[in-house]
Amino acid sequence: MQIMAFLRRYARRYHLGIASAFLTVLLLTACEKEPRDLLAACTDLVAAFEPADRPVTRGVPQVVGPLSVRIEFSWGAGERDALTCHFAARAQALETPPLRAVETLRRGALSDRELMVLDLWARLPGAGPTLYQPGQVWEKQALSGTAYFVQQMLNALSVGSLYALIAVGYALIFSLLEIVNFAFGELAMVGSILAVIVILLLGGAGVDSAWVLLPAAVMAVLAYGGVLGAVIDRSVYRPLGRDSRLTPLVAAIGLALVVQNSVLLAQGARSKYLPPLIGGGWTLHLGESTVRFSFNQLTLMLLTLCVGIALHYSVQRTRFGRDLRACAADPKMAALLGVPVDKVIARAFMLSTALAGLGGLVSVVYYGQTDHSIGLALGFKALTGAILGGIGSLTGAMAGALLVGLVEILFAGFVSNEMRDLAVFVLLVGGLIVRPTGVFGTKNETSS
């Protein structure tokens, strides 16, 4: 594929300049002044839940998710509580990060009305005096040690599971047609919007069980994604022919723009928020710090694992998988042997689009926020995982996506949250320099 070959030649030719630029960025990152972070924002809210007539001892704020903070506090003879704050996506860049959910051990999750009152209270002058300030001993305790590293690893597995669902779609289509469908990120965004709509509609009808809302949203997203994938193959890719490589690439970019702007016109530019569906979790105490593994993270990891096992079984043990592997190896010979190539490709589009939509659902459930603009970042990071794992390899795509999640979260936790996307760019270029075919790829898979 011409674009892949160009990227590899460019990476080899300018690898010294890229490395120097990366080192420069790291130096600048180390010197930049971080904005008011989420640890301080959550600590501001503790005063709203503390008893006013007793001395209170506050614990060390703990990062328990990409946008979640937990702080424990105690008073009297063994009385204790814990406050967990869930912030909206990209809230780190704001002066006052918007809350999407708050829960405590004693009260549970706050209702929408209570959350609105708490948010208004936090904006009042003098409300919630902050005892934590960046640079104090609190920050050093919270941002160092084994507990923090373990917490970030759990977060990385959750984010990598999200990217894996979309990356498999990239690998599936490339293995058949040797094209990259750049619209997968936008299709994932459509899945996230649809999941919010389904959950809110069912919630408005009186359904409040997460074990009903989540499966209903999954089934709706998979069904809609399958239909949308069939329509895209029939109306966009099949009329262009199967032999060209550049024309479908341009069509994919155009499709991405059409999908994004259609959602913008239909739903508007405002973000859609989703409260946490699954609360609770396990808390592991490591010294003075704690590691939080939420049921939400566990559910999303298990969902991705189940999808991976089902996909592996389908490819290796079913007739569809046999036809799929035959078309990927030699589509002309497969057609001569009676394999319905067009039907196999259409089903592959249905499956890959459904997986992209499922990735969007996982994104909105995990982060609690979506809008028309999230597709570009999701699609690029998933594509990076597919390339690093070996474009065209389903196993490699999942492994590469987990690697992308690991690098992104560890870079955000230990270097700079604002530069996390840059780290993924550098990872992509570095991977093309060191191993252009990817970890599980072969030269034949990436030579075109």
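Keep in mind that glycine also has a Cβ here, set from the backbone N, Cα and C atoms.
What TrEMBL says about a protein is an automatic prediction, not a curated fact.
What TrEMBL annotates here:
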TRANSMEM  162-180  transmembrane segment
TRANSMEM  187-205  transmembrane segment
TRANSMEM  211-232  transmembrane segment
TRANSMEM  244-266  transmembrane segment
TRANSMEM  295-315  transmembrane segment
TRANSMEM  348-367  transmembrane segment
TRANSMEM  387-415  transmembrane segment
TRANSMEM  422-441  transmembrane segment
Given the transmembrane segment (295-315), its same-chain partners at Cβ distance under 8 Å and 6+ residues beyond its ends are 65, 154-155, 157-158, 161-162, 164-165, 168, 214, 218, 276-281, 321, 324-325, 355, 358, 362, 365-366, 394-395, 398
Please check if the transmembrane segment (187-205) comes into contact with the transmembrane segment (244-266), where contact means 3 or more CB pairs closer than 8 Å and the residues in each pair are separated by 6 or more positions.
-> yes
Between the transmembrane segment (244-266) and the stretches 162-180, 211-232, 348-367, the largest tally of CB pairs under 8 Å belongs to 162-180
Under 8 Å Cβ-Cβ from the transmembrane segment (211-232), and at least six residues away from its ends along the same chain, one finds 183, 187, 190-191, 194-195, 198-199, 202-203, 255, 277-278, 299, 303, 346, 349-358, 360-361, 365
Sequence-distant contacts of the transmembrane segment (162-180), meaning Cβ under 8 Å and at least 6 residues beyond its ends, amount to 1, 3, 188, 237, 242, 245, 248-249, 252, 300, 304, 307-308, 311, 324, 327-328, 331, 344-345, 348-349, 351-353, 355-356, 358-359, 362-363, 366, 378-379, 381-383, 385-386, 389-394, 396-398, 400-402, 404-405, 445, 448
